[in-house]
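**Q** The following block contains the structure, expressed as structure tokens.
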Amino acid sequence: MPRRIKIFDTTLRDGEQSPGASMSLEQKIKMASALERLGVDRIEAGFPVSSPVQFEAVQRVSATVKKAEVVGLARCVQRDIDAAYDALRDAAHPMLHIFIATSPLHREYKLKKSKEEILDTVRECLNYGGKGFSRMEFSPEDASRTEPDYLVEVVKTAIECGATSINIPDTVGYAVPKEFGQLISFLVEQVPQFSDGSVDLSVHCHNDLGLALANSLAAVRSGASQVEVTLNGIGERAGNCPMEELIMSLDVRKDMFDVETGIHTEYLYPTGKLLQSITGLLIPRNKPIFGDNVFVHESGIHQHGVLNKRETYEIMKPERIGRSSETIIMGRHSGKHALEDKLSQYNIKLTRQQFEDVFARFTAIADKKKEVYDEDLFSIVGTVLGGVVKGFSLLYFHTFTGNSLIPGATVKVRSEAGEKVASATGDGPVDAVFNAIDECVGINARLKEYIIHAIGSGKDAQGEVKLEVEIEGATYGGKASSTDIIEASAMAYLNAVNRFELRKR
């Protein structure tokens, strides 16, 4: 039977320490609920003593979360422990997390304490914490740079004083996988409570050298029973071990790890996107698991392979993490197989000569653009066929807005049925344009996601809009770019509507 690995999420505490990642109380509650749905075992809600806002956040999360353990951080200081106890009073499953640094650098320059003084502090604080908590985690900060024999002494002392979980932090991301794995193996050998499972052995790895995931996986193979993570890898400096990367590494490579977690992987991507929307920290396009490029293929050779058998170039299914399965990006490296597949999605049927003409025109455009959008293909096919491909196209738009005006828009759209003009108001000019388009096309679409980013720099930079809309219970994506972000938004919205219309037919 696979060994069970606990997932300790610290997105709300360590993750929020990432510059620009601060969250409001309501946002923290929303994230905590999403993390609980995801299936994490422990949620570190904050550092209660650090501020009234942190205290209230831990308090509110404690009252919201019912299944996962809610954790409050504290230094080895009695007032910190008291604050954590008060903040966690309403938690169904409260846990105290106490830490103190143990490495020579921290002992000499930060704490100015001897080894024995630190051991005395550990005894005093854990004994005090045990009066209010049945579950306590202890972290010897900077453990990876602490003398191994002294680290064992500190760990054994903490367990004797009531710690039910010991966390080994690579606080500054200094360790490398072989070294960190050996440290975990050494602790398992020296501390019987780790091998018999009566005390959790946790790891908390930072990513300063880009090794947080590798070190965490090395620790799991060496006997760690819990891994501390953040969604999207956010956190101090270079961040923490990304939950999504750890979970899918363990999932995809079961042959190497033979472990299981309680994570419902189909909620990974939606939860990561929720965090992005709350913090505004964009997920890089090439980020493992969550990046936009992970499940898309532009190379003709790769596209041909994926169209025949997805496993040729994909080691996991996007649906496994809650992503859509659209995988082909049309660009300069795309081949005929990919173009045929894209046209078939819209039920566009061509003779062999017409297809060759379309492919030649497509190649010419692809050499000039990073990505060829569906609207470009519609235009090419329309030119070759001598008519308009089924769908809607934007003829013009006009918007007005201001701090004392209700934003509005007028839009003119062309389709097979003719041209139509509509006006609408909205919560800003983009929303007004979308509402006007709905009037023109006669469809009620609900915007689910809207992302914009710059292509290039300076005054000639283009804004690329990527969005998703829900129509009749199904989700359709759209993309477009323009130097005018409202125009790009309108074109992307029509792109999504055209996907619905053309696939419906």
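Backbone N, Cα and C define each Cβ position, glycine as well.
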**Q** From Asp14, Asp41, Asp376, Asp427, grab the residue that Swiss-Prot records in the same Mn(2+) site as His204, His206, Asn240.
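**A** The one candidate that Swiss-Prot places in that Mn(2+) site: Asp14.
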**Q** Find the average pLDDT over the region 'Regulatory domain' (393-505) in the predicted model and report it.
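**A** The average pLDDT of the model in the region 'Regulatory domain' (393-505) works out to 87.
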**Q** By a 10 A CB contact count over all chains shown, which of the binding-site residues listed here is most packed: His204, His206?
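**A** The residue with the densest Cβ neighbourhood is His204.
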**Q** Need the DSSP three-state call for Asp14 (Mn(2+) binding site) to compare against my parser.
**A** coil
**Q** Give me the DSSP three-state residue breakdown of the region 'Regulatory domain' (393-505), ordered helix, strand, coil.
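**A** Helix, strand and coil residues of the region 'Regulatory domain' (393-505) number 33 helix, 53 strand, 27 coil.
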**Q** Neighbours of the Mn(2+) site Asp14, His204, His206, Asn240: Cβ within 8 Å of the Cβ centroid, same chain, sequence order.
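**A** Filtered neighbour residues, in order: Thr10, Pro169, Thr171, Cys205, Asn207, Ala212, Glu228, Val229, Thr230, Gly235, Glu236, Gly239, Cys241.
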